[in-house]
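Novice: Starting off with a structure, shown below.
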Amino acid sequence: MRGGQGAARAPVLQFTNCRILRGRALLREDLWVREGRILDPEKLFFEERRVADEQRDCGGCILAPGFIDVQINGGFGVDFSQAAEDVGSGVALVAQRILSHGVTSFCPTLVTSPPEVYHKVLPQIPVKSGGPHGAGVLGVHLEGPFISREKRGAHPEAHLRSFEANAFQDVLDTYGSLDNVCIVTLAPELGRSHEVIQALTARGICVSLGHSVADLRAAEEAVQSGASFITHLFNAMLPFHHRDPGIVGLLTSDRLPPGRHIFYGMIADGMHTNPAALRIAHRAHPQGLVLVTDAVPALGLGNGRHTLGQQEVEVDGLTAYVAGTQTLSGSIAPMDVCVRHFLQATGCSVESALEAASLHPAQLLGLEKRKGTLDFGADAVTLGKASCCGMKTLRQPCGEAPMVRN
């Protein structure tokens with residue numbers, strides 16, 4: 001129960017001896033939590049005459065918002081793009097396991113698939129609140145099938161589509177219901193894409209540009225139509241060129257709508273993006289950088305062959321390829337590893353690295369008033385040393401999040 005007299009009687013937990021990520025700074029303050037909500041201690045004391053029922057010494061750890069992964073294809077043997085009879089149990093397993101990596105909210109991601117897969121899978125992945133049982137589901141990310149053949153990456157060519165004459169109806173026929181959908185990745189150079197972007201954003205769905213050969217002008221026009229995100233920057237798009245930087249040029253474009261800026265995903269797994277490219281993107285537009293895992297079902301498993309939708313994936317060490325090729329096929333790095341690598345590769349502040357996995361994805365999805373910050377009602381993760389190195393889960397939930405330290 002939240003709110004009212006029931007909430008007022010619930011136990012209050014006070015985290016002490018910690019640093020709190022708040023307002024882009026690490027502050028030495030206590031954190032007060034009741035039923036997963038962060039409390040204003042002054043109101044608690046002066047209005048309710050309450051003190052903490054339990055204190056927990058964090059040993060100097062960092063308290064940060066829970067991580068948000070907006071692109072994860074599965075993990076631990078679960079493939080979100082497989083039309084299983086019980087998709088929900090697989091989603092629940094991944095939701096539970098990624099808590100140990102600091103992720104408290106995520107967008108299950110489906111790669112390019114035939115319509116019958118979307119029709120069967122999407123109704124089985126409803127939006128769901130998180131808790132000690134697992135990370136919350138914010139909505140599904142549909143990556144494809146309306147993408148470029150030239151830049152399809154690991155997506156099966158046989159199931160790629162372009163927009164037909166009645167473009168948005170074609171989208172509905174392909175996906176079925178959009179009720180559980182949060183993000184759609186498409187290639188903006190496809191004919192009739194702008195009417196689709198406008199129709200999707202009018203329904204509150206975030207449109208992301210990716211797997212595309214779009215030039216900068218086409219990308220800018222897509223943003224003017226409502227697109228707000230770039231799927232895994234640098235990967236599966238035209239390379240940067242000084243006369244036409246392509247989608248990458250959106251990071252510094254002066255033709256975006258007033259008051260708007262673009263967000264962009266980056267896979268900081270040490271394989272997809274060179275550290276120099278990470279630094280270039282971060283220094284060009286730090287406020288828009290969103291860390292994503294793009295994790296495949298082989299996350300948490302060993303070497304060998306695994307599935308990703310309609311394709312087979314070969315995992316060798318820290319790299320996943322489309323079987324029999326040298327085409328990268330998602331990542332096998334969890335979010336805490338990506339945060340740590342991003343911090344080390346860019347030399348950015350701890351605050352910036354944590355916000356790239358929490359505040360920025362929350363802002364992308366318009367959730368920053370309740371997620372991605374440690375303002376009242378947000379979820380939290382405790383980390384060890386400021387270097388974010390050597391994290392180990394203690395399985396102590398604070399609201400939706402695990403407690404993590406060295």
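Quick reminder: no glycine exception, Cβ is built from N, Cα and C everywhere.
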Novice: For the Zn(2+) site that TrEMBL describes with His211, His232, which of these is also annotated: Glu116, Glu143, Glu312, Glu314?
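Specialist: Site partner of His211, His232 for Zn(2+), according to TrEMBL: Glu143.
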Novice: At the Cα level, what's the spacing in Å between Ala154 (substrate binding site) and His211 (Zn(2+) binding site), rounded?
Specialist: 10
Novice: Rank the binding-site residues Arg243, His272 by how many other Cβ atoms lie within 10 Å of each Cβ and give me the one with the fewest.
Specialist: Arg243
Novice: Out of the recorded positions listed (Arg243, His272, Asp294, Leu328, Ser329), which are within 10 Å of His232 (Zn(2+) binding site), Cα to Cα?
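Specialist: Neighbours among recorded positions, in sequence order: His272, Asp294.
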Novice: What number of additional C-beta atoms lies within 10 angstroms of the C-beta atom of Asp294 (active site, proton donor/acceptor)?
Specialist: 30
Novice: Enumerate the residues of the same chain, Glu143, His211, His232 excluded, that satisfy the criterion Cβ within 8 A of the mean position of the Cβ atoms of the recorded Zn(2+) site; list them in sequence order.
Specialist: Gln71, Gly144, Ile147, Gly153, His155, Thr185, Ser208, Gly210, Thr231, Asn235, Ala236, Asp294
